[in-house]
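Each remark here refers to the structure printed beneath this line.
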Amino acid sequence: MTQPTLFDLIGTGPNGWGPALLTGAIMTVLIAISGFAIGAAIGALGAWAKISGGPVLRGIASTYTTILRGIPDLLVIYLFYFGGSSVVTAVGRWFGAEGFIGFPGFLAGALAVGITSGAQQTEVFRGAFKAVHAGEIEAAIACGMSRFLCFRRIIAPLTLRHALPGMGNVWQVTLKESALVSVTGVVELLRQAQIGAGSTGMPFDFYAIAAVIYLAISTVSGGLLQLGEKRASRGVRRA
Amino acid sequence: MDFPFLYETFLTLIAALPLTLQLAATAIAFGAILALGLALCRISGILPLDWFARLYIFIFRGSPLLVQIFLIYYGLGQFREVRHSMFWFILRDPYWCAVIALMLNTAAYAAEIIRGGLLSVPHGQVEAARSCGMSPFMVFRRITLPLAVRQALPAYSNEMISMVKATSLASIITIMEVTGVAAKLISETFRAIEVFVVAGFIYLAINFVLTRLVAFVEYRLSPHMRQPAPLSAATVAGEIR
């Protein structure tokens, strides 16, 4: 058997891994997006708890961010994957199921990635809210807006404007973190590259292709985020 | 809470702590040297060097560390030239592959931090040093570098913490550091939550000590920003006499 060339590997021919790698890349983006969205929801709640929560809520939020920013992401993924499986197994036994029930890897991965990125986004949102001028909020109240209306029209858009650069950083981290989900057996980009490397004996080519795809995803999404930043800060005068 | 189990887990995991610390320390130390070189390339003004450093930083910051580890540990062995080279005894060892990958990765992040530090050195300080007749190398050694290190330290401590966390990825290429042992324990006992709590506690403790150490170094490096210490009674008495 002759060694397939790099173009054979990424193509769609008989030796081609192109479609498989593409599916893997889509899976990676899906995991990263779900993780990021979960993280954004947690981050918004966490920032709210830190800004206007009582001592208990603030304590919980700061314990959460301290812990999640201080321990490796891989451990969190293991916790969700194995811990989730043991919880599901226990629940299954309740209902009379026999043996071990696995926790879906995608769910475990998205939750784990979401919870770690939530800790980072809490800090991003908190910082962004602090950057909103008190005068803007006062003006909204003076116009007679209700608290919800003020949040929707004034606080949320302005916070988003200040938060977007930080969120962009968190997104890049989340995207790279999604590679760790491959340990749970979810066939995302890295796992697909591992499979390809195993069955062709060409690990360097496959991991290099994976690296290039990751670079492409992060470059494209970085560009999109920059467009978003531009749009969110239209009406801001730059010196 | 099953305290005997937690205690036993703690003893098992703490035995793997030296390996985690060793990985982190080696990678950070080598990475810092490489990062300084890259940062100097970036600010050198020599276009090829600048572009090389930019490309390096783009690649290593844009792709996941795990891919880099796999590329070095599994990928390089694909080439016969590598397998027959004198470096093979290093590159076939998972420990050194992990160290190399971590080092190359942290260098990319640290280079930008150090560059920021170097650029933040006030121009006046450099001018003053030059007008004292210092050679460019001496200006760098005595003035630019110490001030840059002081400036970069807070950001650098973040990078050190993420390196400590990143050592956990070494467990995927069979290195039994804290996370590796924890994963083994979890799959043996199926008690993910207890093992996770203990392992998480160990990492938190490392990072806590690390931040305290950096804060101490920062304090020592910025005597000019502190209030002068009040004269103690003994010195005052000594001066009077």
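Our numbering is plain: 1 for the first residue shown, then up by one each step along the chain.
Any Cβ shown, glycine's included, is placed from N, Cα and C.
Annotated in TrEMBL:
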- B:17-214: domain 'ABC transmembrane type-1' (DOMAIN)
- B:20-43: transmembrane segment (TRANSMEM)
- B:55-75: transmembrane segment (TRANSMEM)
- B:95-114: transmembrane segment (TRANSMEM)
- B:166-186: transmembrane segment (TRANSMEM)
- B:192-217: transmembrane segment (TRANSMEM)
Can you tell me which parts of the same chain pack against the transmembrane segment (B:55-75), counting only residues 6+ beyond its ends and a CB-CB cutoff under 8 A?
38, 42, 91, 94, 97-98, 100-102, 104-105, 107-109, 111-112, 166, 169-170, 172-173
Under an 8 Å Cβ to Cβ limit, what residues of the same chain, 6 or more beyond the ends of the transmembrane segment (B:20-43), are close to it?
49-50, 52-54, 56-57, 95, 98-99, 102-115, 118-119, 160, 163-164, 167-168, 170, 175, 177-179, 206
Can you work out which residues elsewhere in the same chain, 6+ from the ends of the transmembrane segment (B:192-217), have a Cβ less than 8 Å from its Cβ atoms?
2, 5-6, 9-10, 13-14, 17, 20-21, 153-154, 156-157, 160-161, 164-165, 168, 178-179, 182, 185-186
